[in-house]
Every structure is written in C-alpha cells, then in structure tokens.
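For reference, the structure is listed below as structure tokens.
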Amino acid sequence: MYNLYCTYMTGKRENVLIEALPYIREFHDSVMVIKVGGHAMVDPQVMSDIVQDIVLLRFVGIHPVIVHGGGPEITEKMDRMGKKSEFIGGLRITDDETMEIARMVLVGNINTRIVSLISKHGGKGVGLSGKDGNMILAKKKPTQKILIEDIEHDVDLGWVGDTEIINPEIINIVTANGYIPVISPIAMDSEGNALNINADTVAGDLADALNAKKLILMTDVPGVLRDQTDISTRISRIGVDEVEQLIEDGVLSGGMIPKMRSAKASVEGGVDRVHVIDGSISHSVLLELFTDQGIGTMVYKDTK
C-alpha cells in the first residue's frame, strides 16, 4: 500500500491526472460524507493534507460533508484533568463531566480548527453540531450487558445516544451555497439534553439521509486487517454480509466495530460504497477516490 503511494508521488503527473478524470466525471455533483478522526487529528500536517483534499473535492464539483471525531483529544483532556476514560464496545462511557469535556473539545476546539484549515486552503467552511437546526435528534442508549468473570452486568453508558431522526435541511442549504459543513457528533434528545454519538455512526446516518454517493471513514490503520500486526493482510473488499462474521471471528474489535457496523448500515441504506482508509497517509482521500487500486477497505453490497 505504501509502495502504491510512492508510485503515485513519483510517477508521471499527467498519468495521475488522466487516471483521476473518469472518477471526477462520475462523482461530479454528488455528496460525499467524510468522517475525520483518529490520531491523524493531532498531527497538524496530516490534518492539513486531509482538509486540502476535501477542499479540492469541492472545487471539482463534489459536495463534501465533514463529520469529525476527537477521541484521542478527549482522552488527553480527561487525562490532564485526572479523569479516567472507560469504553464499552468501542463507545465512551459519558457522565456529566465527560459530556462537558467532549463538547468543549469537539465543538470549541476541533470544529473551529477544521473550519480555519478549510479557509486556509481556499475553501469556505461552516461549523455545526448535531444540535444546530435540530439536525440530529437522538435518544439515550439503553444499558449494555457485559461479562465480568463470567457474570453478566448491566452498564449505563451515560450521555451516549442513538440517532432517531436526521433533519438534513441545514446541510443542504450550506452545501447549495458552496460551503463545506463541518459537523461535531453532539446531538440532542427530546428534552434538550446533549448526547454524545459515535462519529462513525453519525457519518453513516448523515450519508443515508443525504443520499450520499460515498462515505469515507478514516482510521489509524490501513483498512481492515486480518492480522493487526501485518499490514499485508489488509482486506481490500468486504461485502455487507461478512461484517458480523468478522466481528464474531475477532477480526473486528474495539472502535472498528461501530465503524464497520456504520459502514454496513450505510450500504444497506443506499450509499453506493463505504471506504475505510488510513487517514495518516498523505492525501489518502484523493488516493482512495481517484486511483484504480485505492489504499483502504471498501464495503459494498454483495448482489450475488
């Protein structure tokens, strides 16, 4: 995969452009939802490259919608405040204090930083959260059952939500006027309480509601690996019918579980393809979308 990257960076530039042309034509005027997250968020150069790619998508007639996470930065902030991070099934347990920290990091820090980068690269960004314009209405997740020493326990995840209703009107208005929406995964319940929703899940739900052509989920690994220690075991294509079996087999674990379930739900909901890519690779968005081989894992609907 890294050899592929080097090939494109050192090959003839005109060949790269010619290879990209049919993809640019195919994707023109389509919506693409791009979930930005992982440790790439804390590397300024990688983050700048990602945003530059997204601004380029807008300039060639594609309508990108950014959903961002911020898990590493939330964890770092909690560590500095002496608060322990706890996860169940890849989801952060979110009490009142954790919710306030998450909101501060996601809305007050990361969102504004991405909007500023869009402006730096010549685009126009608008920062939003799921609460704006009643964009994302959610309900609190039910208690989760976990096994501790073979004994089943109920665990309350706190202010963690499941999406109930997506109102895409504000996003459609923003994109129709040439802006790139940047969305924090903070939603609201029927009583006005803020709920933390997994960013991959939000991205998938928005992709469905917006009839997106593509959903791109960024992670810290080169896609789905059968062996987490060996990047040569990357699975380049996964049918939606394979996802639950891969979870059962232990190939998918931790934060990759909600990511791939979101990918599965999106494809089943009508999104053409979902791409899981390593956001730390320079210009990974362009390499995945506009080259024949791609660099990550593609989730598709098996029509057999």
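Glycine residues also receive a Cβ, built from the backbone N, Cα and C atoms like all the rest.
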Listed co-binder of substrate (same site as Gly70, Gly71, Arg92, source Swiss-Prot) among Asn196, Asn211: Asn196
Non-site residues, in chain order, whose CB comes within 8 A of the mean position of the CB atoms of Gly70, Gly71, Arg92, Asn196 at substrate: Gly69, Ile74, Thr75, Thr94, Ala102, Val105, Leu106, Pro185, Asn198, Ala199
Alpha-carbon distance [Lys35 (site 'Transition state stabilizer'); Gly71 (substrate binding site)] in Å: 13
Lys35, Arg92 as recorded positions, winner by CB count within 10 A: Lys35
